[in-house]
Amino acid sequence: MAADVHKKKSWEVPNGSLAPGDGQHAERSESPTPGLAQGTEPGAGQEGAMFVHTRSYEDLTSPEDGAAVARSPEERRGEPAEQSSMEQISKDFSELSTQLTGIALDLEEEMRPGKEGKLEPSPQTNRRDSVLSGKEEEDVTMDAWRMHRKHVFVLSEAGKPVYSRYGSEEALSSTMGVMMALVSFLEAEKNAIRSIHADGYKVVFVRRSPLVLVAVARTQQSEQEIAHELLYIYYQILSLLTWTQLNHIFQQKQNYDLRRLLAGSERITDNLLDLMAHDPSFLMGAVRCLPLAASVRDAVSSSLQQAKAKSLVFSILLSGNQLVSLVRKKDQFLHPIDLHLLFNLISSSSSFREGEAWTPICLPKFNSSGFFHAHISYLEQEMDLCLLLVSTDREDFFTVSDCKRRFQERLRRRGVHHALQEALRTPFYSVAQVGIPDLRHFIYKSKSSGLFTSPEIEAPYVQEEEKERLLGLYQYLHSRAHNSSRPLKNIYFTGPRENLLAWVTNAFELYVCYSPLGTKAGAINAVNKLMKWIRKEEDRLFILTPQTY
Amino acid sequence: MSGRRVDAKVVLLGQEGVGKSSLVERCAHRRFRPGPYQNTIGAAFVAKVMTVGDQTVTLGIWDTAGSERYEAMSRIYYRGARAAIVCYDLTDSGSYQRAKFWVNELQNCEEGCRIYLCGTKSDLLEEDRRKRGVDFHDVQDYADEIKADLFETSSKTGQSVDELFQKVAEDYVNFSAFQVMTEDKAVNLDQRNSPYFYSCCHH
Ligand SMILES: Nc1nc2c(ncn2[C@@H]2O[C@H](COP(=O)(O)OP(=O)(O)OP(=O)(O)O)[C@@H](O)[C@H]2O)c(=O)[nH]1
Ligand SMILES: [Mg+2]
């Protein structure tokens with residue numbers, strides 16, 4: 001296990017060779033072509049990236065899997081994909097279009113060890129109900145529906161329950177025992193991903209010693225994508241405890257009850273699972289920026305940059321789950337996964353609204369063995385702007401707190417406060433701005449910057465179920481495009497409710513949703529128009545000039 | 001972490017859910033949020049200006065998280081504190097045992113820190129006397145023994161909350177004049193520039 005971590009370090013370490021170097025930029029092309037070199041695509045930073053360079057989600061899975069991702073020798077834009085895979089896609093897609101809205105079978109029932117099992121399927125007896133009762137009551141049908149879509153369990157290698165998404169771990173412990181037995185049966189080596197496909201659902205196991213994570217999913221996600229979500233949960237646990245502490249604990253006592261240490265954090269993990277079901281950031285392995293005029297963003301970034309302190313590593317300003325600005329210490333890169341975990345932490349608790357929080361936090365992809373200390377506060381009571389200052393020195397609270405004060409003072413002096421407030425009023429843009437009639441929605445990711453952009457999800461995807469169905473379609477396209485044995489660069493599909501296109505190159509990834517009335521020629525035409533629009537708007541939709549202290 | 005901005009560092013300690021954040025919320029904003037319980041993550045800092053006679057005193061209040069997860073690093077929050085409000089839930093005897101743990105901790109590591117025992121949620125006892133899980137006289141004896149003040153508060157009704165913080169501020173003013181200012185400077189410089197592990201006197 002230790003060796004594994006070291007191996008990872010060599011390609012995860014912030015200033016590792018995978019971080020794109022500066023000055024590799026060619027001319028920024030007016031009309032992007034598939035041959036665009038990485039670093040010249042719309043959204044690519046002009047002065048290097050902010051993040052550790054990742055290849056989407058592949059690097060989340062074990063290195064062996066990552067290495068297996070074939071790089072297709074050349075682009076075959078416009079050409080139909082292989083016949084067999086198109087047929088498969090066709091089949092999968094129609095299943096997806098219908099099944100995702102259909103009523104799922106009662107998985108809870110199937111999970112039950114016996115008819116008289118102690119398991120409580122009723123959401124009312126849920127452990128978290130006391131916490132979320134208001135929301136839960138409004139939404140019982142919705143939650144019941146979700147409840148059956150994906151169960152997530154975390155257990156220790158000794159089979160002790162650690163976390164369960166629905167129902168108490170106590171009640172589920174017999175189920176966990178069965179899973180444990182399955183895991184040890186399936187496990188030949190540590191850190192492997194295994195899955196069982198049964199009638200309509202997948203059971204995916206991820207073992208990250210000393211923990212085992214299990215998902216029972218009725219979603220159409222691929223095994224890889226489910227494993228990817230489980231790994232996020234694993235990283236979430238590491239962010240609270242550190243890898244070193246987690247291992248130390250279980251070395252001392254194999255059957256330690258980890259719930260003691262995780263008490264109160266269930267909400268954070270619950271929130272992460274909910275977020276992954278509707279925020280494409282996780283699927284894309286990228287970060288979305290708050291749309292903001294470049295001049296305003298630059299003023300914010302400069303203010304952040306100037307409010308520095310010796311112990312600061314990252315200064316992050318965010319709104320909702322969108323990034324407003326990120327300033328980092330020179331040579332230190334943040335991993336998008338770590339940033340997602342921070343986003344999730346903040347969105348899962350209203351406790352940060354009061355005073356100034358000063359909390360230990362591990363950024364597992366940056367360094368899984370130790371804690372940083374994060375200063376977390378909202379800029380103003382009624383404004384959705386949260387400032388996160390990540391420091392290496394736990395004793396440095398007052399210095400870091402002073403950085404916040406200086407930042408706010410600079411913002412005021414530069415007079416961008418008002419512009420920021422305006423931007424927060426419309427945190428999302430409408431796809432209508434692009435001016436393509438058949439275009440319903442899209443996700444565009446710049447690979448070199450690790451940033452993506454996507455308009456608000458609008459009609460006909462109004463209902464929560466519909467929104468999740470759309471994300472499910474993107475997930476599906478994504479998994480087809482990144483299939484490790486046969487990755488596809490172009491996918492176009494015509495369905496009864498929408499047409500979809502995916503286009504993955506070395507520089508970017510684009511997923512587009514059209515109304516079902518359009519043609520393929522129209523769709524390809526629209527892509528060119530869309531890419532031009534993104535290029536035109538890139539300085540508003542992306543952070544092109546990231547700053548360092 | 002005793003910064004210039006504040007005169008006296010005050011720390012709240014106690015088991016999760018006993019009502020530390022609610023106490024601070026009542027003291028700083030004069031309100032009570034009945035809504036869903038939001039456990040504190042790490043600790044939250046609030047500065048509160050108090051008036052004692054013709055003086056003003058700024059209390060730097062550290063509302064710590066009760067979760068065991070943060071126990072190993074709790075020292076960074078109470079180090080150098082002039083006052084510690086050790087909370088327990090009046091309806092929960094387990095939380096009183098936990099309070100004693102914190103008192104021991106403080107006695108071993110922070111000699112200059114005055115201790116205030118605070119039984120919380122007294123409004124629940126008004127509803128139903130039988131709910132009391134911690135005997136008043138037992139705590140009184142214990143408080144005498146450790147030379148601590150004792151309060152029974154309710155953040156819901158506001159009962160005794162202002163008195164508690166006022167007493168903290170007054171004691172600070174009355175005692176600090178005679179005390180030598182001792183600033184704890186024991187920062188481990190070796191670990192300054194890298195993410196580190198917390199250690200504590202009791203680990
Ligand atoms: N009835 C009543 N309930 C209270 C009182 N004070 C707190 N509570 C409730 O007790 C729960 C926990 O309160 P918090 O103030 O968040 O507890 P805490 O000690 O800060 O907990 P941690 O941050 O996890 O350590 C909440 O549901 C509060 O509403 C009180 O005076 N009366
Ligand atoms: Mg609290």
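Note: Cβ is positioned from N, Cα and C throughout, glycine not excepted.
Curation plays no part in TrEMBL annotations; they are all automatic predictions.
Going by TrEMBL, these are the annotated features:
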type	residues	note
COMPBIAS	A:110-119	compositional bias 'Basic and acidic residues'
DOMAIN	A:150-272	domain 'FUZ/MON1/HPS1 first Longin'
DOMAIN	A:310-408	domain 'FUZ/MON1/HPS1 second Longin'
DOMAIN	A:438-538	domain 'FUZ/MON1/HPS1 third Longin'
REGION	A:1-91	region 'Disordered'
REGION	A:107-137	region 'Disordered'
Mean per-residue pLDDT computed across the domain 'FUZ/MON1/HPS1 second Longin' (A:310-408): 93
The domain 'FUZ/MON1/HPS1 third Longin' (A:438-538) - residue tally per DSSP class, helix then strand then coil: 37 helix, 29 strand, 35 coil
Secondary structure composition of the domain 'FUZ/MON1/HPS1 second Longin' (A:310-408) [DSSP: H/G/I, E/B, coil]: 28 helix, 36 strand, 35 coil
